[in-house]
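Here the structure is laid out as structure tokens; the discussion comes afterwards.
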Amino acid sequence: MFVAALSFAYFANALSGSYMKSTITQLERRFDIPSYLIGIIDGSFEMGNLLVIAFVSYFGAKFHRPKIIAIGCILMSFGTFLIAMPHFIIGRYKIETSVRWSVNSTNNLSPCPASSESTRAVILVPISFLTVGCEQDSSVSMWIYVFLGNVLRGIGETPVQPLGISYIDDYAQSENAALYIGCVQTISIIGPVFGYLLGSLCAKIYVDIGYVDMETVTFTPGDARWVGAWWLGYLIAGTITLMSAVPFWFLPKSLPMPVDKHDTSCTPEHTRFIKDSPTMEHKFRPEEPANFHQMAKKFVPTLRSLLGNPVYITFLCVTIIQFNSLIGMVTYKPKYIEQHYGQSTSKANFVMGMINIPAVALGIFSGGVVMKKFKLGIMGAAKFAFGTSLLGYFLSLFFFAMGCENTNVAGITVSYTGVEGLSYQEQSLFSDCNLGCLCSRREWDPVCGENGITYVSPCLAGCTASSGSGRNMVFDNCRCVALVDTQPSNLTATLGQCPRRDSCDKIFPYFLALSVLSSFIISLGGTPGFMLLVRCIKPELKSLALGIYMLATRTLAGIPAPIYFGAIIDTTCLKWGNKMCGGRGACRIYNTSAYRIVYLGLTLGLRTVSFLLCISGFALLKRHIKREEKNAQTNGSGELESLRKEENSSIDCEQFIPALDCNSDRESHL
């Protein structure tokens, strides 16, 4: 029952964590924030975890572990609900649009008003109207609630893993403990699959569903302004997490100790680990009560001994660098699929949940099977992990060749005459064809001209008339379309960006296939790499080594990687949106080529550095293995000599002392 409850808690935590990553683009657009702030929000989970992990891991084991886990699950659910709270207090989602409606719904005002005093007054009214209530909206940034909610999720997750795994190891039979822990870990891998699928489903639903008439929403899920019902998934994930807390309230503080836990073959370390059980007092030798002062005195020499292990330090550095690459890549991969291949947020999340995550899970499992079947030692595990990582690295280089060209946007990626060339200057949005209109440079309401070029707004396309309503609106007499249109008589434009070229759609399936293959191969080395960490250190230092490993990877990879990846991605933005009350909002269009170079370049660049460290790591590992073999031979010959001397002494002893006494002394010494 405990394993089932813990598996459900792992599943709920993994589901909500992966759903957070699936909503990155939605949160950017909803709160009008850049990618680096999203990185801070994403890393806040690790911040909350690190705040209490040492306290909970140490003191939590001395109390009712199932109930502490239940409290952690409740905190996680409250944090998840807190993330969704801004939706209910921030008001309706307002978009920047240049589509203006007249009182008579059958006729629309001209998208290109003339630059006269009367029209200037008409157009400036909505702008001044929008400033009403801005002080209230800007007094507090709503994304702070998302940040605090994720911190609370991190605090609540802290007791689940250390207390849950230790509870299983304490009270399960030795032959079943590994199976139970494996089941829990397997369920936790399934969680992200459902998390991304939930993200895909919610991204299809409009953020204010039920509160607005969908006929008035003039953009589609593929638009850069679309925001799905991100809050709905957090309510579902929070409810599931809250349900996972219920079983732990009814589980006992301790269970009957299995018989095999009383066996005298248990190591002293194992004995100390489970001696707190009340049934163990007469099973093992009584030990000295823990003395905090003595523990503090031993901690510094123990830490110095661990950090003095060059193999461990090298492995730790390699892992931190690789985790920076992995976390940054996974965090922004759905966004990369959206921006680079023109896919909707829903489809990007679906791809992650149904294709990438299962490939990683299969790779981790297969790596463990390979290690068991071929009985890989410490050097074999190192070579296997390095080989799979290197092969995945070379496969990932092909992603550079699977690029799509920038979308043709007049005044940004191409000129109004169709000549390609990037421009970061807002002044380039104006041309002779739209100078007669009173157009705003701030708006992003793209329309697709009949010539295949996207224009930032109907006004900047020079359109003077429109017909239809909602998503079916068509703009006529667009003067800018005539500059590159082969049929000047057809000067129309429709709402939304022009679709990407067919060549980009053909590349996307190959990108998916290569992504699955590289993810599988890289994850093959996950289990052998972790076993290398366990086997390269002394048994008495294992717990401390794993603790420092978790602390270092979370502090130096989990927190900073999403932040600096997001900041670098922000540098490739070509057109920023604007907040309703002024100020820069979320990015509307990126330089596709630059995005690909910085995203893939940073990911593979970090892995290149880790491979350089691996070269020195192999040299240190070989030296370590030779030293251990030499020590083993020396200790073996010494033990054999000691046994021989003891055998001789026992023969001499039996001449004067009864054999029973001699044998008992010899047996206790052995």
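Including glycine, each Cβ sits where the backbone N, Cα and C put it.
TrEMBL annotations: computationally assigned, not manually curated.
The following features are taken from TrEMBL:
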- 2-617: domain 'Major facilitator superfamily (MFS) profile' (DOMAIN)
- 33-56: transmembrane segment (TRANSMEM)
- 68-90: transmembrane segment (TRANSMEM)
- 229-251: transmembrane segment (TRANSMEM)
- 311-330: transmembrane segment (TRANSMEM)
- 350-370: transmembrane segment (TRANSMEM)
- 382-402: transmembrane segment (TRANSMEM)
- 427-482: domain 'Kazal-like' (DOMAIN)
- 507-534: transmembrane segment (TRANSMEM)
- 546-569: transmembrane segment (TRANSMEM)
- 597-621: transmembrane segment (TRANSMEM)
Can you give me the average pLDDT across the domain 'Major facilitator superfamily (MFS) profile' (2-617), rounded to a whole number? 82
Cβ under 8 Å to the transmembrane segment (350-370), counting only same-chain residues 6 or more beyond its ends: which ones? 18, 22, 186, 189-190, 192-197, 199-200, 333-334, 337, 343, 376, 384, 388, 512, 515-517, 519-528
Chain residues outside the transmembrane segment (597-621) and at least six past its termini with a C-beta under 8 angstroms from it: 310-311, 314-315, 317-318, 321-322, 324-325, 328-329, 332, 336, 378-379, 382, 386, 389-390, 393, 396-397, 399-400, 536, 565, 568-569, 571-572
